[in-house]
């Protein structure tokens, strides 16, 4: 879009008119619409109304002719109501006063297209204001394609995570704004798509808003220069010639090529990640953490920052050693060599710190100067190789010659191996991330990082190869430096060395014990000797060390600051603070300075150098692995604009990096891996509250999808049967006992879905449903409950349960068992609720589900208890205080919970109101609530030595036996013994016991006792039968006492009523339930849990009141009882 200045003059005039009208005092306001001048929200513009009212000036969006200040406010309000609703907002600058959404619209503001639209009234970021701002015409929500609509055309600013350059976050209209009905409260979401800013993003937004005068670098100054300086280290001048002497030209080129392959692959991978979206500050840490997640990023970020800090010391000590050698040469040592290194190193690092703290601009200027010096030194060396000087010949420099080149082509290892020489060279190839490490200071990281890094690798690789070939072609391996070591005439025939051709005989170097001082093997300073002007090489060494030290001194704090901003390690938050316009991490600089100084004072870095190389290599390995992982995950979000990468090449690069780590120093490699693993485990355990859309997340989804599809292609087998439970919990925290018990036998074994049927007479709010789904799923995860929360809206509970029975789950991950809480209050409410409840059980059997009902005599639903979160200490500890579940106001929410229609309120557990003020007085609990609360927690505790009594009266396929077996396998229940009770005949008790023992042993299920009940069919006690008769009395139809037609009418209107015929027909079954309750009290009154076969009632034959009465009579006044009925398909087998 063009700037506001490019708008037409008419539009400018109109905007000015509007501005004059909006401002309380136009003279005091700066020209041009500013966000603080108008706080209005347009809900909807009724196009038809606008068209009908065409004569009105306010209906023409292009005219923007507001009414004058003298116009009648009443008329204005009426017109405004006809077209759209305007809501006044508070002025953040404090100029305007806050007005409620119901406030009347301001005078004359009737133009829908020139009013600012603001979406963050209900935003969770504490009232930050975000505007839809069109810079082209100074209007908010222009006509789209000439239509009066707030529907917006595609715009890059809608996709930003942080503020736009203007410092305002632009948000497209939400679906609710475009789709919801007129009476809905507009803009109640705040951020579109839930894109709430994280603290790090808010900080970035603040930075973006305050970004004037920030220094940003291009690809040459920011990346190419830095990388070249970092890669060309001391190795180039004082080790390259020695490497050629040891390995020969061919193997030296191979060593350079191998190192370059590793760095090139890493460079390609870095380019791929850097071009897959906007890159912020943090370099390697940012790239790895946003790709692989906080666990890998956090562990690598810390050691990478530390490695850079120690690298400062390494380079500074390299510089100090060179200075001390020069001082030694002129006999100017201050104390002794080691202390001189410490003194010079300390002074140097203080000066470097000063340059860094002065700002990135000064640091960049210093880098440019150092690069010029370095390039001059390299050119000086190459020029020197072509200038033959007679005085240098005795030191081994004989000029370019084929025989010297041929002699130096092969290796001549002296106390070294190929891999040890490679290990010494490889640190010279590191430093390729020097540009990426200051990604936050680059003008365009997506262009700069690939171009600068890869070009730097190419240039430095060519120079390294050039130096290897040239030194090998003009310098011999050994030279004495003695001008008199010439070839005598009588030995001319025996002399075979290349030097013989030039009249020198250095054969004595090999025979002498100490060898010679000159030549590739012996003189580290041979490049100074060869160069046109020796001191320039010394300046090059100074430049290489200081530039690398400076780059590392800048990289370490920047990476560390990015790590601290993300709050991966909570104790390090103080280092996230930045200062000045460039957000310089001064605290990070001081910390880096401290670490560097500590290692400089050691003054012996031979032990720490390989660890640094390994830390860098670990970072390279993970960057390569990130690309492989992201490609493997096949996430739609992985689409780098840099196309020259391959997932398998990246994997090979990662493996190569790991191999090189062990080649350089296996002990340091092991230490590095242990540190990375330790930090990874720590971050995984702490679970930082971040979501960066990592490839780990994408791959998890990909694998889950693949395995779910694979599972769907395989038929179920009895051996693999798992109870997959649809648990009617309502809100998951409203029936803790039900949730805990089912979780005990499904955890890590089967699927658990917490079903919640929300009913009510008001219009369903699906947005609330989605919010609740996310909130309570998070609650389950925080409580370490392995299950899914699935809410549905339905007309009534039965319809909702049918929805869940049909649609819950995915593929083979579908429930096969319905779990309900027993309806303790069935006699208190409307009996149609009982009809619904029993129908749910019938529906489960119709869908071929098993059915399980849990009864606690105290009840299950704790949602009515206020402040119970303080008493449920277990839940509080595991869920964490920061994750709150907002309680639904009971006056607003008339939804019924799933298995208790009368329940209207949701749990106040973890409610923010209670959490904010722990000192607030809580309502003392009555005795029954106290008992209910204690009972609701009983399955959270270890059960101790007790029994699980299994009353397996009817064969349902084995579910009645499988659930107790799974339960007693769990830690909390492992001390409980299974006792089995079965029905039988008195004269066959022993036979029945043996038969059951044989069956159980074939099923490989341990049991402590089998009891055969021969007296099940004995008549129950009269007082118990009388109590049952009294209980069902209110629910009987008593058709014998009324006319047939009236009886039929009553039965149709109240289908739950018990007919006399039905009661007589099922008398024996009724007596059995009463008798079983007597036996249960006799045998299992002390059990921790009773698991019993659920009696079946034939659909359409047994009324719901009679069936409910059976369940009541069977299970009353008992320990926790689980009534179980499988779907009569075998779930146990004794075949292998």
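A Cβ is built for glycine as well, from the same backbone N, Cα and C atoms used for every other residue.
Annotations in TrEMBL come from automatic prediction, not curation.
Looking at 586-605, 666-685, 686-705, the range tied to transmembrane segment in TrEMBL is 586-605. Record note: among 523-544, 545-566, 611-632, 721-742, 611-632 is the stretch given as transmembrane segment by TrEMBL. Segment annotation: TrEMBL labels transmembrane segment over residues 366-389 (candidates 150-173, 174-197, 366-389, 390-413). From the options 321-340, 341-360, 481-500, the stretch TrEMBL describes as transmembrane segment is 341-360. Note on the transmembrane segment (452-476): residues 219-220, 222-224, 226-228, 231-232, 236, 240-241, 243-244, 248-249, 252-253, 256-257, 260, 263-264, 267-268, 270-271, 378, 381-382, 385, 396-401, 404-405, 407-409, 428-429, 432-433, 435-436, 497-499, 506, 519-520, 526-527, 530 of its chain, located 6 or more positions outside it, place their CB under 8 angstroms from a CB of the stretch. With pairs at least 6 apart in sequence, the transmembrane segment (250-279) and the transmembrane segment (586-605) have fewer than 3 Cβ pairs within the 8 Å limit; the two do not touch. Counted over residue pairs separated by six or more positions, the transmembrane segment (299-320) shares at least 3 Cβ pairs under 8 angstroms with the transmembrane segment (341-360), which defines the two as touching. Beyond the transmembrane segment (644-662), the same-chain residues lying 6 or more positions past its ends with a Cβ under 8 Å from any Cβ of the stretch are 261-262, 265-266, 268-269, 271-272, 422, 426, 613-614, 617-618, 620-622, 624-625, 627-628, 631-632, 668-669, 672.
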